[in-house]
Structures are given as structure tokens and as C-alpha cells.
Amino acid sequence: MGARASILSGGKLDDWEKIRLRPGGKKKYRIKHLVWASRELDRFALNPGLLESAKGCQQILVQLQPALQTGTQEIKSLYNTVATLYCVHQRIEIKDTMEALEKIEEIQNKNKQQAQKAETDKKDNSQVSQNYPIVQNLQGQPVHQALSPRTLNAWVKVIEEKAFSPEVIPMFSALSEGATPQDLNTMLNTIGGHQAAMQMLKDTINEEAAEWDRVHPVHAGPIAPGQVREPRGSDIAGTTSTLQEQIGWMTGNPPIPVGEIYKRWIILGLNKIVRMYSPVSILDIRQGPKEPFRDYVDRFFKALRAEQATQDVKNWMTDTLLVQNANPDCKTILKALGSGATLEEMMTACQGVGGPGHKARVLAEAMSQVTNTNIMMQRGNFRDHKRIVKCFNCGKQGHIAKNCRAPRKKGCWKCGKEGHQMKDCTERQANFFREDLAFQQREARELSPEQTRANSPTSREPRARRGDPLPETGAEGQGTVSSNFPQITLWQRPLVTIRIGGQLREALLDTGADDTVLEDIDLPRKWKPKMIGGIGGFIKVRQYNEVPIEIEGKKAIGTVLIGPTPVNIIGRNMLTQLGCTLNFPISPIETVPVKLKPGMDGPKIKQWPLTEEKIKALTQICAEMEEEGKISRVGPENPYNTPVFAIKKKDSTKWRKLVDFRELNKRTQDFWEVQLGIPHPAGLKKKKSVTVLDVGDAYFSVPLYEDFRKYTAFTIPSINNETPGIRYQYNVLPQGWKGSPAIFQCSMTKILKPFRERNPEIVIYQYMDDLYVGSDLEIEQHRRKIKELREHLLKWGFTTPDKKHQKEPPFLWMGYELHPDKWTVQPIQLPEKEDWTVNDIQKLVGKLNWASQIYPGIKVKQLCKLLKGAKALTDIVPLTREAELELAENKEILKEPVHGVYYDSAKELIAEVQKQGLDQWTYQIYQEPFKNLKTGKYAKRRSAHTNDVKQLAEVVQKIALEAIVIWGKTPKFRLPIQRETWETWWTDYWQATWIPEWEFVNTPPLVKLWYQLEKEPIMGAETFYVDGASNRETKTGKAGYVTDKGRQKVVTLTDTTNQKTELHAIYLALRDSGLEVNIVTDSQYALGIIQAQPDKSESELVNQIIEELIKKEKVYLSWVPAHKGIGGNEQVDKLVSSGIRKVLFLDGIDKAQEDHEKYHSNWRAMASDFNLPPVVAKEIVASCDKCQLKGEAMHGQVDCSPGIWQLDCTHLEGKVILVAVHVASGYIEAEVIPAETGQEAAFFILKLAGRWPVKVIHTDNGSNFTSGAVKAACWWADIKQEFGIPYNPQSQGVVESMNKELKKIIGQVREQAEHLKTAVQMAVFIHNFKRKGGIGGYSAGERIIDIIATDIQTRELQKQITKIQNFRVYYRDSRDPIWKGPAKLPWKGEGAVVIQDNSEIKVVPRRKAKIIRDYGKQMAGDDCVAGRQDED
């Protein structure tokens, strides 16, 4: 009781006992009420510890308040008690419980008003864009503030990582807040590589723009002076409006928010794209029985973001569906939390819940409580538990020093001094907190308590110096320890001033020396001669014992040697007394909290065997790391393990330790990549002084989150399992762990932040452990700043070794070579080889790609062609003549060194593009002619058929994105193309909304469109109706044309396809026509290729068509669907399809469309019933808005017996639908039933058994299916009933999926029926007879009949086979006249029989076989029986 009564103490307890239970009553609150309240909280799964603070009481009140209306008297009493306790904690004066409740209500009303006011302020503030505001300049005019490179980078990163998942929409909405149409088009341009998605977006924008123009017609008459014109749809999309016009509309009075309107259109298009990529309904998101609640919530909100609904509806979905669709374990907890629970509270409450593991933990917890109670009752008292022992030797709990397995520490276990044991120690206080002293030359560094806490990698407790009070007995009892530790760095020799015998001397602190050796000093005391060995040989010294030495205010007494030493040395015999340690600095910054993924545990992978030399190498490496504090030993209580191994360093005999963290990486939480890419020197501004630094042992300088360290455990085995393996865990960021880069970058950024704020004139580029520091200061001043930076980093535990400290140019940084006024890539040497392997060529291409960013003209296309196909890395690849020529050209380019210059923000960016031929392009970005910032190349072909203008557009897009990332703005382009050619192409290209600023530059070869297709039919020109057909089996085909002037032609083709024949027909028409021609085709494939106006292709046939198109003056190409009603096409179709294809005209299209509008048949059913090609049937389904809500369900035949049915109840519109599915065929019987009772289920089962052969029904464990009525019906109809596994939807998988499919079909036909029961039967009919697919391409109705008929035939056949097997056969082989047998008779046919003689199976003609009945053993072998008992 004492523990629970400690909720209040001192004066608060007195106040508590003065409060009356009721107004005017005699009874007052006592300690027993607190004890009762804490026990009640246990009952309601709330933490009793919350009662100890006002904040905790407030949390309890929030949880209990929703249950007051419907709760029991105990809940109300508990609420009143906690409310009174809250007032006592807050020192609110009250006389009784009623006053406490009034005070609580007053506080809650006040908080609610404040929250509403804050929400109102937030709404008011949200009206103004905070992201890209249109700000006013000094003249009061509105000016535009463009998107930042960081915003565009974030947008590109989201698309790359999320790939149009639902998260993309809120991210786009957030990033584009307040953006103008021009900003929005820039965002779309940066992801223009996603052509299919962008085409869908373009269509949506065009539709919305057309709708805008329809709703907002243009006013007749001229615009009044000073009045702004009204925006059209194309103006809102940024196509026909300028930036100034957009600003004018957005800031006018009244404003027209063209940016928000355009943004809304884009979001509509993004929603369509998201639905295509993520066709999952929110109703289908249910938590699996063993699925962690966090994963379920992630899936739920991902689907919710893709839903087309208002925010109110989405809020309702979150409040109801999230709980409703959780698994039973989580649902129980969520309902107990109440309706007002936040998502964070739900996730905390449900953490680790679900599955057998959760049930095992609950059971174990209950059992442990029972066990503990029994033990305490057996003891008969409530004394404290047995005190945990602690080892004097290793400091760990659980054992004493006598049983310690660790190596025995030198000196006394009590005080740490050498020369005596613990039993002889005179110290009064044991010093478990060993000293952690180090020395600094000038002044001690003050560390904050937080920094001190993180300073030790192995223990998070602060370490106290000898003589200071222990944390528990500090001056103020708070456990703080003085942390004025002297410290000295190792940038130079660690020399300190010492006092010995009243004399001052300078000495070197040497952790490698055993003894203290000094020279030129006289000590007035006894000594004895001694010989010691050193680096220079042996020297004679005088040994003085018990000599006092004072170093940095610390005193020590020990042995001192005096002799001719080159330098005074303080050895370990003195350093250990002073508590001096050699500290490898580990950053004192706060650790970043890290967790495993929800529901996952750490890796438990066994260590694989290692060779002796690897074990020795790992043992040595780990011993050094342990001494440095990077790792520490763990015992058997840590159950986790990750394999470790060793490899030899490149070109070295030294070993390197590697830990295989792949499994831990899978289980560790995800991290956001802090840095989106590496910095580029072309983006650096020219600086007067530059320094490049490298952080040494980067990862090993940052501490790992303490609670996560146990998961990094690894084991070093012993040879032949001689001893148990030595187990370690990491205290710092491990190499190879997925979180190390992100945490290091984050830590480094925090550390550099104060230095950057203090020194804004210093530019620091940080990428992992590489630092580029630039300034316009004079060199001496700059170096002082560098020294200050290095000291700042060292304070936080980051060393910057002299070895990698670059003070003078050229600076080697990130693979680049930096000079004061120029930069280049580090020298590249191309190898000279006779034989090239795949790996050699890969490395060569990598080097050339790296060089191409500053060396213009580099080409790699022919070299890359050598790598096509699946080849091993060691395969020898002969260089083609083209590849040799390309390599020779590249070598010539690399002979002369080329340099780039630095960026000047005051000058304009210019990008110039040149065509190199063979689909290769090169470009330079510069600010002054012949002084390139950087260069690059482009050699991608995104499609098989392309043209130069399209490729140039792709180059422009790549350069624009690259420039935005490096400089934050797009350059002005100089392109080798005439403006008319460019604008002709871009008019039809989707990105017409964003055209960069550019000018024509006459750099041969120029880009041009070699031909142009007409938009309207050419009057007077001959019209060619073309068609082609191919037989899939024979690969033969025909192509031909018919003209409006009576000409016709057909050619036969071999080894062809339908697509090739369609293209060949167009080629024939072009070849045989005049300079002007109209061509009509029915091939969307051919039309798509030619309308893109390619001037090169991978297809020889398309190249021939291009050659013919270039010769023409005018060409008009048109498409007609299915040739219907077009005479010319009807004629040519008959010509080319004769003997090639059976169905030519698709007369069934209208009937199929009518059928689909009524029944919403799937494409297979329509293709089968109306003889339609699959592409046409699919197009009918695709054009139906009701069939595009979700992807079409795939139906397959399950391997189950013909008599098995699955039954389940589903709910729709508040009514119950009982569904039965024939498992083998997918056939459905369903009807709406009045109530979910056993009687209704039994009646339905009897009806089902009267229609179909039902042998087994499989149901869930619902009360209706486990009722006596259902059991009786099953007994009467001789049906076996089986039950599913509780909470496992997979056990009812067939009927569960059919429930979804049935609801989907009901949704498609619901508006055709007044009542739900009618719609259900219509949906059953459609599913059973209007949807085809699966094995055999049958509908479900056809399939069940086929299965039952086949089953009957099989059974009858089996009876015949059984009957036949009662006969034996005597037979003759070919010319052998002797009868053989008897043999078994597996099968009897009309002209032959199948016999089995021993293990051999033969087919024998009936005329050579005699079949007799098997009468038993006595008749076997009797020759005459063969004649008498002949069955024939």
C-alpha cells in the first residue's frame, strides 16, 4: 500500500485529506481512495503511475470522459477521484468533489476556446501562400518568387521513390502551395520522362480546359481600357498566358486563382494515374490476423489517399473503417480506448498485438503474475527481493568476482590502485566509477551534462573523478558530477609541465612506456642502480621509489628512473594512478533514436565457420576496437547475432573486418535519405581561399542509440570450438548498416550548424566525410578559421587527420581536381589491352562517362553495344571496327586536359546542344564563350521509332533538370533547329505547356522534320484503303490496298505478323502512289508509329516507309475502326483475308456493346460470344466507366473435389446476403435473407442441395452456421460440414473473393433494379453466364456443368475399368506362334487392347488376343481354357 500511497506526499497529502466526498458531508478523502483508484486503473488497462502527476491525471480524464454517459457507477467514481486529485496536484483550492468537477469543466471549456481560436487563426493564415508567395517589391508591385531547387529536388525524389502511389498527391499539393501555372508546369517538366503518365495528365488538363471554356464563354466586344482579359482554359494551363498575366489574375480585385484552378486539374489527373497504379479500394483494406497494427495503418492511409472523396468522408472512414476492419485482437483494444483516441494512442496501444506471439506473451505475463504471488505467499512475508550482486572485477551484474570469467584486472578491485589487493585496501569508499582523465595543454573544456552522458560508448553513466562525491551523494542529491576533465589532443606531442621534488620539468606523456624516466634532476633520497632497454639500446639509470609527482593538479606516488634519456617520459606506472586513459573520441552529441520495424525482432543468424587466420585477424581487430570503446563485450543474455567475416585489404597483407548486416537492414526502420545527390564543382562559386578536409573514422565517431546496440551483436568463434565464441556489440555506427549514412549526415549537419551561423562568410560543402571549405578571406585569416573549424569538430569527437588536410591547390575532392579559378576531373588513364573482358569494358565506359562532364565530344554508344546480351564478367569481347574507332576518338579527346570554370550568380546561364549523329548528342553549359561550367552527353533512345526533334526535346529536358539541381534555375538554350520546325513539333507534343527560352544556332548538322503529315484529307489525291492479315499458326500473311479509282494489289508474305502486314500495306500504298496521297488504315499500331513522324527506326520496314514519306509532297493518314461501313476498306479486307483469317468485319460490335451495357460482361465472354478480337473486346470494357473502378478479377479453377461448396454471409445496404460458391468452378448461388440465423442458413442449404450435388460445405464459425438447424439439415441431406480457421480469412478464400466480385457486379447494375434482392439475382446471373475466363475459357455456369458431367463419366468409366480388370489376356507377339500370358487387362478398345505383362505395358491387336475371366489360381496356365472361355 505504501507504494500506491506515495502518489501524494507532504503538504499535498494534507490538502487531499481535507476535501469532502460530498458537499456538506462528513466523510473526507483518505489514502485508501488513492489505493482504490490505482487498482481500478489496472482494471481499465490504464497505467496507475499516471496518478503521480497533474499531466497524467489529465490524460486519464480524457480517456474516461467518453464513457461517463454509458459507464457504470465505478467509472463515474473513478473520474471524480481523479478530477479531485488533479486539483490537488495543481494546487487549486476546492472543498469537495463537486467543486473539483466544476473546475475541470471550466478548464476544458477554456482549452476548447483556445483550440478553436488557434484553428481560426490557422485558417486565416492558410489563405496566404507560405510556399511561393507573390511578394511586393520596393515599388509596391507584385513580383514572382520562383520555385527553389530544393523543392524541385524533393518533387523528383518523390516520383522516383513512390512511383505514382497515393502519397504523391498530398506531396504535390504541399510542394505546389501558392504556385503559379508557370511553377506548376516547371514541376511537371522535371518528371517529363514518365511519358505514359504525362499523356494521361495532358488528356485530363485538356478536358478540364475545354470544360472551363464551355462554362466561361468569351464576352462579345472589345475589352475596356485598363481591364484585364478573362483567362481561357489554355491561359490557366500556362500555354497561352505570360507570367505577368498570371500574377495579374492572382492579385487582381477580385482575384482569379488560376494557380489553384490549374493545380486542381493536375490533381484530378494525378488521381487517375494513381488509380491506374494502385487499384485498391479502402473497403478492401483489412488487417490480417498476424499483421502488425502499424503496417495495417500504413496500408489503410495509403489507400485512403487514393480515394476520391471529400475530407469529411475521409475523416469518417478513418473513424469507423480503421477500427471496423482491424483484426479481433486490435479491435478489442481500440474499442476500449474510446472514440476520441488519437492515431498515436491507437498505435501505442496496439504495438506488438496480434498473432500467436501476442497470445503467448499475454499467457506468459499472466503465468508470471500467478507464480510471483505464489512465491510471496509461500515465504509468508513481503520483504524486498534478493539484492542483485555486482562483480568487482568486470563491473557486470549477476555474479561475483570469484566466479568471473573475464581476465583479472590488475591492482585493487576497490580503489583501482596497484600494489595491494582489495582485502588490504585502506580506501573507505569503493570507486566503481573509474577515472576518465586526459590532459589539455591550456584550459579545461566544460561539457554539458547531456554531452557528458553521451561521451562514453560503453556506459551511458557519467564517470566521476576520485575524490568527487558519487552521483547518488551529490551536493544537491541530483546525481550530477563535475565533468571538468583535463584533455589534450594528439595533433602534436603531448608535453606537459610536471612538479617533482619541488622542481618544474617538461615531460612527454607516453602510454607506450612502462616506466617514468627523467634526466638532469637530483632527488635527495636513496636510490639503486638499474639497466633499462630503450629504442636506442640499454642505458644505466638510478631508481628512486615512492617519489611524489604532481601533474595538472593531480598527485601520484611511484617509482622514478633518472638517467640520460633523450626526453623526459611519464610512463604508465604514473599515468594509471592518475586515472589517465587514451581516449578515442566518440561524438558527445545526442544519439538518434532508432527502432526495428514494427512486429519484427533482431537478427538471430548463426556464425558460419572461419579459417584460423581469419579468426586471429578478427580477434586482434576486435581487441583494438574494444580498447577504443567502439565495441563492447556482451554475454549470453543477448539472443541476437549477425555473421562476421574478414577479407584482406587491397594490395595489403592487413585484414579488414566485415559484418553481414543484410538481415538487420531488412528489419531496421526505414530512413529518409538526407542528401539527394553529390555536389558538383560547376555549382561552386569562385573563392579566394579553399581548404579540403576529411573526417577520420567517420562512422566510428558517432554513438549508436543505446537501446538498439543489442541488435548489432556478433560472435568471433574459436578454432575447433575450443572455447565459447567471444560476443561483441557495436557502440558506434557500424559500417554496412543501413542507418549509418543518414545518421552520420544528420549528426554532422547539427554539429556544423553553429559554426556556419557564426561564420556566414565561410562556405562549407558537406558530403559524408568530405568537407570543402571556401571563403574570400586572406589566406592567413582563412587558415585561422580552418583551425577553429577543426577544433569545433574535435569538441564533438570528429578528428580531421593532417594526412588528408589539403591546404594548397590542386585540391582533390569527390573525384574532381579543384584549382583557384578552374576545375577538372582527376586524371583519367584509359587502359591499353589486347583482349577486353566484359568487366574491362564496363570500367572503361564508367571512366568515359565520368570524363564527359567536362570533356566535350565523348561517345560510348558503340562500346555499350558490345555489352548487349547476357554475358559473364570474365567473357572476352572482341571490339568491333566502330568501337575501336570510338575508343581512338575518345583517347584523342582525353590527351589535352580540359578545365571548367566556377559559377557566377550575376551572369546568365547558357546551354548549347550539338547533334553528333547515330542518336548521340553533346552539350555545354557556360556563362562566357569557351569557358564551360560543365559539359555532358545524351545517347538514350526511349522508343524503337523516334526522330531528332523528339530526341532534342529529351536532351533539353535532361539539361533543364540538371541545371535546376546544380544552379537552381534553367539556362537559356541554343539549339540546332529552326524555330518553325521546333514549334511544329511542340504544338502536338504533350509538354506544350512548358517551352524553355531558346534561340537558333546554326551548328551543322541541323535538326529538321523530314516530312509532315497533313491534318485534313487532300482534295483530288488518290485514296488508298490498306489492310494486312496474318495467320498465327503458319506465319503466312497478305498485305494490299484498294483505291477509290479502282486499282488494287495484294502480295503474299512469309514469316510475318499482323502488325508487319499492316505496315507493309502502307509501304505498298506509298510506293505505288503519286506525290500526294490519302491513306486509310484500321491499324492503331501503324498509325501510332507514323504519326510520331520518326526519321529513324530499329525496324527495316519502318525505315523503308520513312524513305517513301520523305519523297512525298503531301501525305494524309487516317484511321477507321474495324472497317465498318467503309466500302474501300471492306473490299481490301476481303482481298487480304482470303485464306488467312476467318473473321473480317466485326459486325458483332454493336451487339457486344448492347450486351455489355446490360450485363457488363468481361472481354473474354464478348470475344467468345460475338467473335470479336480480344483488342476490340478489351476496348469495349475499357470505355465503360463502371468497369474501370477496379482491375478485372481473374478467375481460375481451384484444385478441389466437385462436391465442395463454401458458404458465407456478407452485408450490403444494411442487409444480409448468403453466398454459396462451388469451389471447383466458381459458380455462385446467392440470395438476400431476412436475418443471419441458423434456420435461414439451413433452409438455404436444403435448397442448394436440391439443385446441385453437394457433398461438403465449408463455413466459418459464425453462430448461424454452428447452429442445430444447420447440423440437422446437413445430416438429413448427407452433407459433411467443415469449418474454417478462426480469424484466418485465407481458409474461406474462395467465398471471400467471390463476395467482393459479387458486390462489384451489384454496383454495376444497381441502378437497373429497385430492390437489392433483384440486383443480387441479376449479379448472380451475370457472374455465372456472362463472365468467361480461367481453365477452358468457360463461364462459371458452363464450367460447373462440365465438371459434374465429367465426374459422372469418370465414375462410370471407373466402374467399367474395374469390371475389365476381372479379365486376363493371352496374346501372341508378331510372328511368334506361341501364346503368352496370362496378362492383366487395363483397357479394351474396338481394334486393340492394352495389356500389362509383369511391368511391361503393350498394345496388342484384338485378333491376336484372347480375353478370359479370372476364375482363380486353379485355372491359370490351362491352355484349353483360352479356347473355351473366349470372351469374343
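Note: Cβ is positioned from N, Cα and C throughout, glycine not excepted.
In Swiss-Prot this protein carries:
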- Gly2: N-myristoyl glycine (LIPID)
- 443-483: region 'Disordered' (REGION)
- 449-459: compositional bias 'Polar residues' (COMPBIAS)
- 486-490: region 'Dimerization of protease' (REGION)
- 505-574: domain 'Peptidase A2' (DOMAIN)
- 534-540: region 'Dimerization of protease' (REGION)
- 573-585: region 'Dimerization of protease' (REGION)
- 628-818: domain 'Reverse transcriptase' (DOMAIN)
- Asp694, Asp769, Asp770: Mg(2+) 1 binding site (BINDING)
- Trp985: site 'Essential for RT p66/p51 heterodimerization' (SITE)
- Trp998: site 'Essential for RT p66/p51 heterodimerization' (SITE)
- 1018-1141: domain 'RNase H type-1' (DOMAIN)
- 1198-1348: domain 'Integrase catalytic' (DOMAIN)
- 1367-1414: DNA-binding region (DNA_BIND)
Exercise for the section: For Asp769 (Mg(2+) 1 binding site), name the DSSP secondary structure in the helix/strand/coil scheme. Expected result: coil
Fill in the blank from the handout: For Asp694 (Mg(2+) 1 binding site), the three-state DSSP class is strand
Problem - Local Cβ density at Asp769 (Mg(2+) 1 binding site) - other Cβ atoms counted within 10 Å - result: 19
Problem - Integer mean pLDDT for the domain 'Integrase catalytic' (1198-1348) - result: 83
Fill in the blank from the handout: Secondary structure of the DNA-binding region (1367-1414) by DSSP, residue by residue, totals 3 helix, 31 strand, 14 coil
Handout entry: Neighbourhood of Asp770 (Mg(2+) 1 binding site) by C-beta distance under 8 A, where only residues 6 or more apart in the same chain count
Key = Val692, Leu693, Asp694, Trp813, Met814
Handout entry: Residue distribution over DSSP helix, strand and coil in the domain 'Peptidase A2' (505-574)
Key = 3 helix, 41 strand, 26 coil
Problem - Near-site residues: Mg(2+) 1, ref Asp694, Asp769, Asp770, CB cutoff 8 A to centroid - result: Leu693, Val695, Ala698, Tyr767, Met768, Leu771, Lys804
